[in-house]
């Protein structure tokens, strides 16, 4: 039940400020202040509460009821009660003050605003209160559809919200629907360039920006077909064989299994070509925002201009793309959609939102379909890192990942036999290509036994020996585990007899795509006992084999592809906590809790690693990374992963990855691979496939987790290109470089725990004062030192780069200096990605290794990029256990002073079992006068280090 808010963009309380209240209108209770709203309007709050969570953290609650419901938060961990704050009433304004921030409530409306300790405004709710409550009842449970709006200055920018696929970076003035789906991970948290964050504590379907649903075209436009007749567009359906069908279409809405029934009944979509064309006439002037939903190939033309160049997505996992157009009231504009469906079942839709006043569109607006009360957390910071630190203090710290997780991961859909998997690993070792992890995807079980956690003995005759062999080759193994169970398995029955299995798919006799199709269900991860059973079954079947990591697939949960929203809710509910309308988005968080708590409960000395296809606020506390799902193998998909990964990082969850090369493969690439296999000739498509993978690997080497995966063609580099090919050479170069960088990378992993650091960083995090970076979503920092600029267009051998305002930058490959505050077109040959190092960087590089724990880093090359002061802390621990939580780790602080050209390698702090007592540093300097390329054999100043402070004049 989605609230109908016709033509309302922001949630405006119409009440006027009716004067000051002379009486005390608040109640202080421990760590909170409750304000009774004096002039409640229909749909407004009756109570507003400010709860102090820390000097920079304020929890705001509001309710339209006479008391707060206070449901248990799924995302906020238990907090120490804060009582050190002051409360002052001045007229009808009640102000709560900590040492760092002030939060005020206007008792006449419930409006809240936040300032720093000096009274400078940080954030203000929409004038008049900005909060509305509309009653909703689902499955006998009452709640509210809520909306919260904040004022926003013109120069503000917003980041976060999880990771989405529309290739949007700065969400200022944008709209995003927050729900979980394959390739779409929603996190209700944003960070502002004004150095604050807002976390909405809601688990239902939400919207950021315009709270209205996109409308069918005929509801906001007059439609004209290609002959000029009013009332519809013209739909022309040309099958591969047979007669062309032409009919009038009053909407383009074929977006799910239900609505594609409205396509022409006798039209075979396979090989068809479809055109929707005519004219649209708006009733008002302004910017209309469109959303295109597509599977197959699609193009969109508006006013005879291409507004959506060709895009593609596989039929079973459609994608959305957004665009905007300024249209004038009463003026007819040509519209044309060209669609080539993918397969016999495919999807296409185009909907739109009517214009909104730009000032209102630019505000920060949140809408939640169902919640008991409004709850959000305000966190202020000195910078964006400080804001994210506040987020993690609320939702949980991010543990140090196992060191091997920072190496290279090889995966494919899928290794069908034990021999295939071991053969792939042996291929890396024989070719001396570094690797730490190999992955076994779904379908390693007997065909009719999904969820049994058993191996198909014909294909995997000895799983324990397989895992042992992987370990003997100094690699780790991750295995795919789903929350899905065939109804015939004992595991399903064990859940079902306790009432812990979602029933709708069973009642509807849904079958999956395997073999003849099998009946199945998903377990309810919201039930704590069900979570314990989920881990117990994994522990009994998988854990004794020595498996190192867990791949939580379909954790949205994606019970069935391509269903409408209401049926999706039916398939994943009711939950143990309530209706799936209220608890729609947090499944992956609950599922991750099952594995993390389960493994730490049985083996607290082995670091947990989870990779999940979905996520939610707080996911980081369960040692869980997210990958961006089953994305397409297209250049536009590769580009979209840059902004997706950056916004996911800004959502407070530091570990993210993607399928390098994309998952779903266009048929032309498959045909190119088969031609190569048969004839060793490279056609145009296969040439592009190789370049696409090369550019994607170059990008992937600089994200938190470096991982290749996808459907056929196989993704091992020697399957993509032979050893002498530039694609092969480039991928091997960056894989080896990743391992040379391991002292740097693992130190970043340590910083995520100790300093709440973010590894993959949009430029705005480090250069907030430089307004030029606010909208740059295709460059990023990898840690404090490297600026990465992926190449994402076929055939490009250069790209424009903005160099943020800093003391300077150095080309990593040549060592040449580049000034900051400039835009330049930089060469990007096939084999190289533009990579620059910030002046002041101190970067530790290790020797060539084949896996992360091959040997201790006895010799480290310290590259000092002069031109600015710099510092870095080398972090080390045992790499595989939780002893660091007990203080068993070592840090070596390093500082460079530009004025004196002095490097101080500080006294080592801490120790751990197996720690190197002594090592050698070779210090290599790079400066404007000496363009020193990166070279492991470069000469420098050698220092013997035994843990005592060393000072070097450079």
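Positions of Cβ are set from backbone N, Cα and C atoms, glycine also.
Here is what Swiss-Prot says about this protein:
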SIGNAL    1-20  signal peptide
LIPID     21  N-palmitoyl cysteine
LIPID     21  S-diacylglycerol cysteine
ACT_SITE  553  active site
ACT_SITE  556  active site
ACT_SITE  630  active site, proton donor
>> Measuring Cα to Cα, how far is residue 556 (active site) from the residue listed as 'active site, proton donor' in Å?
In response: 13
> Could you tell me the C-alpha distance between residue 630 (active site, proton donor) and residue 553 (active site) in angstrom, no decimals?
Replying inline: 10
>> For a quick check of packing: other C-beta atoms within 10 Å of the C-beta of residue 630 (active site, proton donor), how many?
In response: 23
> Out of these active-site residues, 553, 556, which one has the fewest other C-beta atoms within 10 Å of its own C-beta?
Replying inline: 553
